[in-house]
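**Student:** Take a look at the following structure, please.
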Amino acid sequence: MSTDALNQEILQVSSQLLDKSRQAQQEQERAREIADSLNQLPQQQTDARRQLNEIERRLGTLTGNTPLNQAQNFALQSDSARLKALVDELELAQLSANNRQELARLRSELAEKESQQLDAYLQALRNQLNSQRQLEAERALESTELLAENSADLPKDIVAQFKINRELSAALNQQAQRMDLVASQQRQATSQTLQVRQALNTLREQSQWLGSSNLLGEALRAQVARLPEMPKPQQLDTEMAQLRVQRLRYEDLLNKQPLLRQIHQADGQPLTAEQNRILEAQLRTQRELLNSLLQGGDTLLLELTKLKVSNGQLEDALKEVNEATHRYLFWTSDVRPMTIAWPLEIAQDLRRLISLDTFSQLGKASVMMLTSKETILPLFGALILVGCSIYSRRYFTRFLERSAAKVGKVTQDHFWLTLRTLFWSILVASPLPVLWMTLGYGLREAWPYPLAVAIGDGVTATVPLLWVVMICATFARPNGLFIAHFGWPRERVSRGMRYYLMSIGLIVPLIMALMMFDNLDDREFSGSLGRLCFILICGALAVVT
């Protein structure tokens, strides 16, 4: 199949795939509407029967044969017939709701399976097109390079075209890989949207039973917690802008080809026939590569637009789930109630946590953190910052002594002295929180190890608290901001900072553990170990305050 035929077939299959995806979504919406109508049917039936009974009562009390009474009788009879038909219609809708829901579900599954088949066929067509383009480009490059090997002393402008063509060929390969990745992201976004809408339907259908079962609320919360995160459209916007810039560059290279035919040799002499033949072959190959890149760029831009639309649908579905969660699960407990067996649950979950290959995961995550350039450079920078902070401690202490000696003196005390003390105090207190934040970032980047990622989330969440506590400790020095500059009583400052070690050594690790349990394995440890951490945090805060 030729390239043009493949492009035409890809457009047709893409259109069919879009129709099938829309059909599957419509069937899901229809099933959801049926589920919503089931909640309203009992009230509608009650209202219709009440109106029908009222009209029949009025018909029984209507007497007389005057034209007015006859007209009222006819009107009431017509209303009675209408309401009887409405009651029958509502009863029929209630009886057929399950069948209509099942039909909508089957149609949705059928459309989804057809969509999967079309998607697989579309992916095969794209792979064939990309392979064909790459093969043609490689053949053209090999032929021009073979011609160049048989010729000597080529002008530098002709030699430069070999490099440009190789770069264009590499760009074509990267474009094909990116196309495959975008197609995979489209499939993922579609499947995630279906997953979110199914969770939304389940949440709405089961909401009426939440009051009678805490386990149901816990299961629904766990299902909502497993849903994907909100997509980020900014990355797609940036990539689409880069594609437009690349298109302008490729068009500029195409427009420069007539000028390249006017190049000369280094001594100003015109090109020989052999050199002209090599140049024409290069320009022809370059033109084919540029046309392929332009066509592929347009296709990639279209697919990115489709991905953006799919992400928008996923975002809308997630917003609906969030609204339904706030509506139905706001007053529903997300953990089991405490019982007499709670201490036993703590011991069992602690044993399970240790049996999750904890130390092995942390060791492998540490190795991954120390061998990845995305994490080793920030970690190395944070360690250098901590070393500089330790080295400069004595200079900072001398600075505080000099500043405290100037406070209260008319000729030496000024506002900038307090600002400088504030600035250097914050700067000296920052290295350890920066190192703590870097460790959390490195653990979060170790994605193959869920326990390490959960610990990284907990470490990152405690950075602001750690930073505030360490800044306050620096301010509370004898020559620091609180005592020397603000004039606060030394005893009161010492009393406020006497639990500094408890804050650093107990409260911060407990908050880190609480956040870790909240993000680990669908919150299965939140009801036992997480609750224990929360109780200990409350006790520690009660002691501190």
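Every residue gets a Cβ built from N, Cα and C, even glycine.
The following feature annotations were taken from TrEMBL:
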type	residues	note
COILED	21-58	coiled coil
COILED	96-138	coiled coil
DOMAIN	1-155	domain 'Mechanosensitive ion channel MscS porin'
DOMAIN	378-544	domain 'Mechanosensitive ion channel inner membrane'
TRANSMEM	376-396	transmembrane segment
TRANSMEM	417-439	transmembrane segment
TRANSMEM	451-476	transmembrane segment
TRANSMEM	497-516	transmembrane segment
TRANSMEM	528-544	transmembrane segment
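For each feature listed, report its degree of burial, its nearest neighbours and the pertinent distances within the displayed model.
**Tutor:** Tertiary neighbourhood of the coiled coil (21-58): same-chain residues 76, 79-80, 83-84, 86-87, 90-91, 93-94, 97, 100-101, 104-105, 107-108, 111-112, 115, 190, 193-194, 197-198, 200-201, 204-205, 208, 313, selected by CB-CB distance under 8 Å and a gap of 6+ residues from either end.
As a whole-number mean, the pLDDT of the domain 'Mechanosensitive ion channel MscS porin' (1-155) in this prediction is 79.
Here the transmembrane segment (417-439) has long-range neighbours at 375, 378-379, 381-383, 385-386, 388-389, 392-393, 396, 399-400, 403, 406-407, 456, 459-460, 462-463, 466-467, 470-471, 473-475, 480-481, 484-485, meaning same-chain residues at least 6 beyond its ends whose C-beta is under 8 angstroms from one of its own.
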